[in-house]
Structures are given as structure tokens and as C-alpha cells.
Amino acid sequence: MLPNSLLQRMVKWCPWLLRDEPKQPVKVLVTGAAGQIGYAIVAMIARGQMLGPDQPVVLHMLDLPRMADALNGVRMELVDAALPLLRGRVLAAGVVATSDEAEAFKGVNFAVLIGGWPRKEGMERKDLIAKNVAIYRGQASALQQHAAPNCKVLVVANPANTNALVLKEFAPAIPAKNITCLTRLDHNRALGQISEKLGVHVGDVKNAVVWGNHSSTQFPDASHATVRNEQGEKPVRELVSDKTWLREEFVSVVQQRGAAVIKARKQSSSLSAASSACDHMRDWVLGTPKGTWVSMGVYSDGSYGVPKGIFYSFPVTCDKGEWSIVQGLQVDDFARSKMELSAKELEEEKAIADEFVSIERD
């Protein structure tokens, strides 16, 4: 007979051992799949980092026609990796690689939208929004027509919050609560900075908040974060003696981390973006640990005085596939001013997007 400790470890890492029937495969779409983030995330998904180690998946990968050869190369590598979670009823390899939106979106249960128009040197924000309004209006149509009715959507491509809003407006068949945007990367960056500052393991840090837009106006907030140490769970604001660091350096480092990565490696964040997208979807689907919240860009219901009608990053908990905004956190005047600044930027982006939608309609 196996020792209890060994049985417990087997159940933890191989939960399907307790099931009579294996789970049915789900379809996961990744757009921009031949790009750097796409290339990083597809293997993570196929290894169970997004939906769990017992969930088979069929990967639907979409990219532009000019990326067809690179996309096929990604497909070949997935086949060569012999990943056991990749399987489907029709496609034995469990991979679809295409430049056709209808084929890519067909029946998908989860969509990670990485593809978008990148910001180029000298490009104004208005021009970036205009380019992406057209792209995400088209993808909204594909979602509306071809995705599974309860498809869960994560927008990664920037401007992520406003791209999510365009999807919401033009894919009314998809519930607004099922459309989210990625601020988990900023959240994880905040946890990492606190971990380094205090010399603790990042797994012992929780409940930072990223409020607002996924842009330089975001507000990384450590005032509710805690750290677990030998004395128990302690508030970060009690453990960090340098209060200026919490309001200035911590905030600016997290806000500008993406630019710092580009400066260091001459390319944008790929590994960390892919990993945080997996974290976002995993917690949304499988639930957040009790007593822990994470940051997600969701459709505002007016909580904390944030205007309705925009996608805004809030602290959320997740249970049974649904997210809920954490209520009742104290917000001081400093935090309020930062939150309002980011909300103002999002309302400006919404107005710009509305302008281009009106132009297209005319």
C-alpha cells in the first residue's frame, strides 16, 4: 500500500486519478499566435498552466496570412513536443492553425486575443486606437457568429481596456462579464517588486491592487497588500519603513516596467505576459484562493466611484467561473486621485473609439 503522503502528492498533481471519466477537450483560441507572446503561451496552455493539468485542449491558433509559414512552424513544434493534453475528437493533434477568422473562432470556449496593431515610433494614441477599433470590431463579429455562447475572452493586445470595450459593443451575444482585459501582468509585477523590497518569496505576497488602465496611468496600490512571514500575515505598509517608496518608486517602477524590459532586451515582455495571461484565465476558471484577490480589467459597474461603461482594473475574487469585484476597501485621497486620473484617460479613449466607430458607420 502506498504511504498517505505519497497518495496526497499524487492527487495534488494528478487530480484526474480520482475521476472515472476524463474531461472532454475544450477549444482555446490564441490570436497573434505566431508572435512572441503567442509562441510562449501556446505551450503553457498545452501543458495545463492555464486550465489545469487534467484539462485536454484543442488549440485554435490565428494569425495574418503573411505569418502563415511561421504559424505552421509553431504548429509543427506543438506536434513535436508530444503534449498529452493536446487532443480533440476530430483532430488527433489537437491543433488548428489558420488565417481564417471563421475557422479560428468556431466553437471556441476560451479566447486569448493577443493580435492587434502595435504602437510604432511616432504614432499617436488616437491613431493606435483607430487601427485597433477596426481590428477588434472584426473580431467581435467573429466572436458573435462563431464562438461558443459562454466563451470567456481575455484581451491582451493594447490598448487592452478599449479593445475589450469594442468587443463588448459589437459582440452583444457574448455577456459583458465574459469579456476581460489583462492587468494581471501589472499585478504580478507589483507582487514581484514587494517581494524584492522585503526579501521574501513572491508566493508569500498577496492582495496588491492595480487600478485603472493598462497604461502609464495605472495605479499599483500596495496599501492592502500583505506578506506572510514567521510572525504570520503582516500588512506591507507596516513592513516597509520607507513610505515614499510605496507612493513613488514602487508605483513608477510597476508603471514603467514594460518600457524597462524593452530597453533591456530590445523586445517587449513576452514570457511574463504569457505567464500572466495564463494566471488570469486559470484563476477566473478555477477560482482564486480563499482570502486572496487578483487584478482584472472588467466592465465597470460603478464600484469605488469608477464611471460605468469602461473596462477598468479592479481587485476581484473568482469562484465557479465568475469574477466579483472586491468591495469595501479603504481608498485615501492619494489613491482616489490616481484612480480618477486613469478613469479619465479611459473615458478619453472611449470617446476616440466612439468617434471612429461613428466615422465607419457613416
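For all residues, glycine too, the Cβ spot is worked out from N, Cα and C.
Features as listed in TrEMBL:
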- His214: active site, proton acceptor (ACT_SITE)
- Gly32, Ala33, Ala34, Gly35, Gln36, Ile37, Gly38, Asp63, Asn132, Val156, Ala157, Asn158: NAD(+) binding site (BINDING)
- Arg119, Arg125, Asn158, Arg189: substrate binding site (BINDING)
- 26-179: domain 'Lactate/malate dehydrogenase N-terminal' (DOMAIN)
- 183-356: domain 'Lactate/malate dehydrogenase C-terminal' (DOMAIN)
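TrEMBL feature annotations superimposed on the structure.
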| residue | record | contacts (Cβ under 8 Å, 6+ apart) |
| --- | --- | --- |
| Gly32 | NAD(+) binding site | Gly38, Leu62, Asp63, Leu113, Ile114, Gly115, Gly116, Ala157 |
| Ala34 | NAD(+) binding site | Met61, Asp63, Met67, Ala70, Leu71, Gly73, Val74 |
| Gln36 | NAD(+) binding site | Gln267, Ser268, Ser270 |
| Arg119 | substrate binding site | Leu128, Asn158 |
| Arg125 | substrate binding site | Pro159, Glu349, Ile352 |
| Asn132 | NAD(+) binding site | Gly116, Trp117, Ala157, Asn158, Pro159, Thr162, Asn163, Val166 |
| Arg189 | substrate binding site | Pro220, Val253, Val254, Arg257, Ser272 |
| His214 | active site, proton acceptor | Asn158, Pro159, Ala160, Asn161, Cys181, Leu182, Thr183, Leu185, Asp186, Gly297, Ser313 |
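Neighbours of Gly38 (NAD(+) binding site), defined as other CB atoms within 10 A of its CB across all chains, total 25. Residues Gly32, Ala33, Ala34, Gly35, Gln36, Ile37, Gly38, Asp63, Asn132, Val156, Ala157, Asn158, recorded as contacting NAD(+), have a largest CA-CA distance of 19 Å. The Cβ neighbour count for Ala157 (NAD(+) binding site), using a 10 Å radius and every protein chain shown, is 24. The binding residues for substrate are recorded as Arg119, Arg125, Asn158, Arg189; their greatest pairwise CA distance is 24 Å. Across the domain 'Lactate/malate dehydrogenase N-terminal' (26-179), the prediction's mean pLDDT works out to 93. Neighbour density for Asn158 (substrate binding site): within 10 A of its CB lie 22 other CB atoms from the protein chains shown.
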